[in-house]
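K.L.:
Positions annotated as active site, proton acceptor by TrEMBL: His153. Marked as substrate binding site by TrEMBL: Asp112, Gly161, Tyr315. Taken from TrEMBL, the feature divalent metal cation binding site covers Asp188, His190, Asp276. Here TrEMBL flags 401-411 as compositional bias 'Acidic residues'. What TrEMBL lists as compositional bias 'Basic and acidic residues' is 425-435, 489-506. What TrEMBL records for 41-328 is domain 'Histone deacetylase'. Annotation source TrEMBL lists region 'Disordered' at 387-506.
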Amino acid sequence: MDASAGGGGNSLPTTGADGSKRRVCYFYDAEVGNYYYGQGHPMKPHRIRMTHALLGRYGLLDQMQVLRPHPARDRDLCRFHADDYVAFLRSVTPETQQDQIRALKRFNVGEDCPVFDGLYSFCQTYAGGSVGGAVKLNHGHDIAINWAGGLHHAKKCEASGFCYVNDIVLAILELLKYHQRVLYVDIDIHHGDGVEEAFYTTDRVMTVSFHKFGDYFPGTGDIRDVGHSKGKYYSLNVPLDDGIDDESYQSLFKPIMGKVMEVFNPGAVVLQCGADSLSGDRLGCFNLSIKGHAECVRFMRSFNVPLLLLGGGGYTIRNVARCWCYETGVALGHELTDKMPANEYYEYFGPDYTLHVAPSNMENKNTRHQLDDIRSKLLDNLSKLRHAPSVQFQERPPETELPEQDEDKENADERGDADSDVEMNDAKPLDDSGRRSSIQGVRMKKEPAETEATDLDVNSVAAEHSRGSGPVADGVGSSKPTLVPSTERPGEEGRGIDDGTHGCQF
C-alpha cells in the first residue's frame, strides 16, 4: 500500500475493519429508462435500465435495500437552483418551447440540453434518488447508490452538458446537515464544474476532479483553480491528457485522495462515477479499464466513511452498464464473474458476452514527468491546509419518523429529518423487474465511427453555448433563502446562494 494513501486499502480484505459488511441502499425508478433526449443524442437514460438488469442477474439486488426515489419537489430543487429556472423546467414542453425562445436561450436549453417529453419528471427522479441517498447516509447506511444521478454540469440558473438539475449539489447540502465536512470526488472525464462552482468559497466542502483538460468541454478545471476566500485550496483539479491508463491514473488518485482524507477528514464522501473515462467511450478519450475505474470506488470505500455513489457521463452504454454493475459489486464487497449471465440486453454485450473489456492500445500522452509534476503540485496545495477545519457547533434539527420500510418494520430505528424537504418513499421496495458542446472555443471530441446497437443515427449534437461557465470569485447579498436552515445560527442570515457567484456560501 502506498505510504501516502492515508490508510486506505487497494482491495477488499476479508478480515479487519474494511472487511465488515456494508449497509448498502440502491435507488432505482423503472421509468427512468423511458426518457429520451432525442434521435442522435449521446445521453441515453436507457443505460440505467440496462445496469439494473445486470444487477438483478448477478444477484446483487438481493444484497442491498432497493428503493424507489420520491420525486424531488420544486422547493427541494430550489434549495440550489433559481426559482424561475425551476419554474421554466417544470413548464416547458416540446410543443411549447417555440413560444419560449428567450427563456431557452437564457437558461441554455436547446440542442445540447434539449427539451423532451417528461423532462421535469426526469429531473425530479434523478435528483430525488441522490438526495434520498444522502438522507439514508445521514441515518445509518454506509453506502447509497443512485446511478441515475451525477449530473455535475448543471448550474444555479442554467442547464449545461446534458445536465439540467445538479443533484450532486442538492445531495451535498443534505449531507451538510449532519456532517461538518463533505468531500466530493469526480472521475468523469469532464471537469465537475457545476459542483466546484457551487462550493468554491467554502471550506466545508472539498471538491476533487480528475478530468481531461485542454480543448475539451467544459474548458474549466485548471490545476491553478484552487478555490477562493475561505474555500482557497479546497478545490483540487487534476488535469489529464488523452490515453491515460489504469496505472497512470492510480499513481495520482491514491496518493492525492489518501492525503485529502488525512487532511480534510470528511464526515461523508460523494463519488461521481462518470463512465465516459472508460476506454472506448463514444465521447471520451481516456483508456481506463472497468477494474481501473472501479479501483477508485474500492479505494474510497476502504476509508469506512459514509459514501454516496452516483453516475454521470458514459456514452458507450453497454460499457456503462458493465462498469456500474461491477462497481455495485465492489460497494457490496462481491467480486463478480467475468462471464455475463443471460439478461434482457444480452445482445448488447457481444461478441464476448463478458463483464470486462480490454483497454485499447492508444497512446498514453500523460508522461511520467507530467504526472509527477501534477501530483507534487496538488500535494503541496494540500500541505497548505490546516487539518480538518473546525466548524462551530450546530444544533441538529428535530427529527420525525419516516414511513416504515416494510410491514416487518425492518428499519424502524431510522428517522427522517424534520427539516428535510425530501420525502423518502421507503414503502415501495422494488424487485429486479421492475456531445458536449463548444464553449469559449473548447469543442467536443468527435465520435468514433462505432455506434450503439440501438442508435443508427450518428449525427452529433454540437450547440454553441451563449456564455462561459467559470466560477466568479465572490459576491455579496442574497435574494434566496438560506441553504441549510437547520444549522443556521443568529447572525448568519447572509448564508445561502449568492446571486453574484452562482455558488453556495456558508
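Every residue, even glycine, has its Cβ placed from backbone N, Cα and C.
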K.L.:
For Gly161 (substrate binding site) and the residue listed as 'active site, proton acceptor', what Cα-Cα distance in Å is obtained after rounding to a whole number?
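P.N.:
Here the two Cα atoms lie 6 Å apart.
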K.L.:
In Å, how long is the longest CA to CA span across Asp112, Gly161, Tyr315, which the record gives as the substrate binders?
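P.N.:
The two farthest binding residues have Cα atoms 14 Å apart.
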K.L.:
Which residues does Asp276 (divalent metal cation binding site) neighbour through Cβ under 8 Å, counting only same-chain ones at least six apart?
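P.N.:
The list for Asp276 (divalent metal cation binding site) reads Asp188, Ile189, His190, Arg282, Leu283, Gly284, Gly312, Gly313, Gly314, Tyr315, given in order along the sequence.
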K.L.:
Hey, how far is Asp112 (substrate binding site) from His153 (active site, proton acceptor), Cα to Cα, in Å?
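P.N.:
Answer for this pair: 12 Å between alpha carbons.
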K.L.:
With every protein chain in view, how many other Cβ atoms are within 10 Å of the Cβ of His153 (active site, proton acceptor)?
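P.N.:
His153 (active site, proton acceptor) is surrounded by 29 other Cβ atoms within 10 Å.
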K.L.:
Hey, what's the Cβ neighbour count for Gly161 (substrate binding site) at 10 Å?
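P.N.:
So the Cβ neighbour count for Gly161 (substrate binding site) comes to 28.
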